[in-house]
Each structure stands twice: as structure tokens, then as C-alpha cells.
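Okay, so here's the structure we're looking at.
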Amino acid sequence: MSLTDILSPSDIAAALRDCQAPDSFSPKKFFQISGMSKKSSSQLKEIFRILDNDQSGFIEEDELKYFLQRFECGARVLTTSETKTFLAAADHDGDGKIGAEGITCFKYR
């Protein structure tokens, strides 16, 4: 399964266009534009599984900086500031990584 099986390619493209400039990425806005905020919890967990590059059950900071590239190969890398802000917003227990439940928090924001 790929992200385009769950999300519209045109919505993904629009979300990526919105955050092309460094330090312009907002997880909440990206989730809204890409359509992720409208997906069910089970669909978000599937998206999480696809984004979890090493299939560890968590998205760590090193994986998170490449978040946009998981949607499109040529997308930019998140800046250090963006990565830390994203991690802080979704890391509920402060362990430095995001579990599947952390990604679902953007659905309700």
C-alpha cells in the first residue's frame, strides 16, 4: 500500500507546495491540506506504518526530518526547528519518538 492509496495525489501535491520554503512547515496545516485530518484512525495508523521507514513502531527524529520526502521523493528535508516542533507536538510521553497514537493527534487539532 502507498500513501496515494489513502490520500489524493493532488491533495499531497498541494500540501507539499504550501511548505516548500524552509521553516514554513506546520504539521496541523499539512494534515489539513493533504486530507490526513479527515481520515479515520485506522487510515492514519496505516499512513503511520508507511511513514515509519524502519518499521520500528515509532517515528524517530532522524526519520521525521525526511517526513516530506515520504510523500514525494524530491521534497525538501524538514529544518531542525521544524523537526523539533513536529516531534514536540506529537511526542506525548517525551521519549523522543512518535508512536502511531501521536500522529492521530493532528486529526483532532
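Here the Cβ of each residue, glycine as well, is placed from N, Cα and C on the backbone.
If you check TrEMBL, you get these features:
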type: DOMAIN; residues: 39-74; note: domain 'EF-hand'
type: BINDING; residues: D52, D54, S56, F58, E63; note: Ca(2+) 1 binding site
type: BINDING; residues: D91, D93, D95, K97; note: Ca(2+) 2 binding site
Given the binding-site residues D93, D95, K97, find the one whose Cα is closest in space to the Cα of D52 (Ca(2+) 1 binding site).
K97
What is the set of residues, excluding D91, D93, D95, K97, whose C-beta falls within 8 angstroms of the centroid of the C-beta atoms at the Ca(2+) 2 site?
F58, H92, G94, G96, I98, G99, G102
Have a look around D93 (Ca(2+) 2 binding site) and count the other CB atoms within 10 A of its CB, chains all included.
10
Please report the number of other Cβ atoms within 10 Å of the Cβ of D91 (Ca(2+) 2 binding site).
20
In the predicted model, what is the mean pLDDT computed over the domain 'EF-hand' (39-74)?
93
CB-centroid shell, 8 A cutoff, Ca(2+) 1 site D52, D54, S56, F58, E63, site residues removed:
N53, Q55, G57, I59, E60, K97
Other CB atoms within 10 A, centred on D95 (Ca(2+) 2 binding site):
10
Taking only the Cα atoms, work out how far E63 (Ca(2+) 1 binding site) lies from D91 (Ca(2+) 2 binding site), in Å, as a whole number.
14
Compared by Cα position, which of the binding-site residues D54, S56, F58 is the closest one to D91 (Ca(2+) 2 binding site)?
F58
If you measure from the Cα of F58 (Ca(2+) 1 binding site), which of the binding-site residues D93, D95, K97 is the nearest?
K97
Determine the Cβ neighbour count for E63 (Ca(2+) 1 binding site): the number of other Cβ atoms within 10 Å of its Cβ.
18
I need the CA-to-CA distance for S56 (Ca(2+) 1 binding site) versus D93 (Ca(2+) 2 binding site), whole Å please.
17
Below 8 Å Cβ to Cβ and six or more residues apart, same chain only. Which residues does that give for K97 (Ca(2+) 2 binding site)?
F58, I59, E60, E61, L87, D91
